[in-house]
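Here is what TrEMBL says about this protein:
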- Asp231: active site, nucleophile (ACT_SITE)
- Tyr382: active site, proton donor (ACT_SITE)
- His443: active site, proton acceptor (ACT_SITE)
- 57-168: domain 'Epoxide hydrolase N-terminal' (DOMAIN)
- 9-27: transmembrane segment (TRANSMEM)
Amino acid sequence: MALSRLHRTLAFFGLVSAVIYGFYSLFDRRPPCYSVDVEYFGPIDRNRDMDSDVKIYPFTIPYSPAQVDDLQSRLGKTRFYQPLNDPQNITQSQYGFNRKTAESIRDYWLNTFNWKKAVADLNEFSHYKTMIAGLNIHFVRKQTTTQQHRQKEAIIFLHGWPGSFYEYLDVMKLMSASTTIEYDLITPSLPGYGYSDMTTRSKMSPQQMARIFHVLMQRLGHSSYIVVGGDWGSIIGTFMSKLYPGHVKGFLTTMPSDITPNLLNFIRMLSGSISKSFLLDQDEQTFKPDFSIINNLKLFWKEFGYFHLQSTKPDTIGYALNDSPMGLASYILEKFSSWSNNRTEVDTSPNFGLGRFTLDQLLTNIMIYWTTETITSSIRLYYEFMSSVASGHDKKLITGPLDKTVPVAVSNYRNEIFYMPKIIIKSKFPNIKQWLYHQEGGHFAALEVPRQFVRDLEKFIALL
């Protein structure tokens, strides 16, 4: 009886809070105003004045036989651990990346994978570099033309970790086939990832990356552009939409998130633990029938150990990953598996859930990290962002909503690592034009289901 009374009380306060927030949102028309510090990330012995070069230079991804020889030597000396032998009580993913999968990956990498061919395939795209904030920023650019010249759109695709610019190359190929829209498609490497320079200074946060990529788009001649992103790309895209609402024509995200300490959202989540109808609409309940606070807490406990490590001691794990190719592969591929499948699929799959990708795709992405030695600089992004959150620096930018003038599209894929209810996301993204659900696909949707990804983007563009 007491528990039932508590449930009714929580539901009542949730309803009252929602009504109050609704009236506030209705009458509060003040556009948010955000800013970010202008930081310089070039070498310590240089200053801003030494980086006045704004030219754009062609770039070719290098191939080094010496790097391949070193890699094969290290792979041949891999020390595989002794696995647990208790099949009745242990699933193949329970302790992380298992030995059987690791051995098959190592053998293919050592004996079959052709990095020279992969580099040649990557270089079929046009690569460039340009200096921004003291760093040479790498990007891929594909410009298309049509006979009808009906519409022109500039789009920047932003990847995350442990992905790379490589995730979006198939999407760029598919979009270049359009006969009605002329595209300027840009896919950069985040600073400290792949072929973009890594900074030797601190504070390279996603807020700073948002400023860098806005400068990039302006330098390429675009005062108006569409932003597309997942993982860190979603967070950077969110900041670009906040900082430059007059320039961001639309923002499509595959991983919307809201870390704002919002009392109303907390009450909503509590109410949702009593009845899903307080938190999820009917479509959401169908899409995520197992959604609950308890399941989310279990997810964070089981899957987010990497996040705490990379947010606190990135350089410690960086030494191991930068020195061992199989260490790097197991660390990255475990994420490609668990973030692209549900746990049952990983445990029952003969290839640890990696069958959604080809081995060449997986190893090409890993080689971008290995040959550039950027795994440590890439995971420092977690430290920099969480440090800015903890310090309160950029608090308004981090916690505030987007301007209501920025149209937003959300593509929800069944196997994305987590799901944020629509009612929660709408408090952060007030102008959602498109909200779609997909039963196929996960965290790396652009690489896994590129045609569906393109269809969602084209639908969104038609709404702008």
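Glycine too: its Cβ is placed from the backbone N, Cα and C atoms.
TrEMBL entries are annotated by machine, without manual review.
Note that this is a predicted model, so its numbers are computed, not measured.
Secondary structure at the residue listed as 'active site, proton donor', taken from DSSP and collapsed to helix, strand or coil, is helix.
Same-chain residues at least 6 positions away in sequence with a Cβ under 8 Å from that of His443 (active site, proton acceptor) are, in sequence order, Gly230, Asp231, Thr254, Met255, Lys335, Trp339, Ser340, Tyr413, Asn415, Glu416, Ile417.
Other Cβ atoms within 10 Å of the Cβ of Asp231 (active site, nucleophile), summed over all protein chains shown, number 24. Cβ neighbour count for Tyr382 (active site, proton donor) (all protein chains, 10 Å cutoff from its Cβ): 19.
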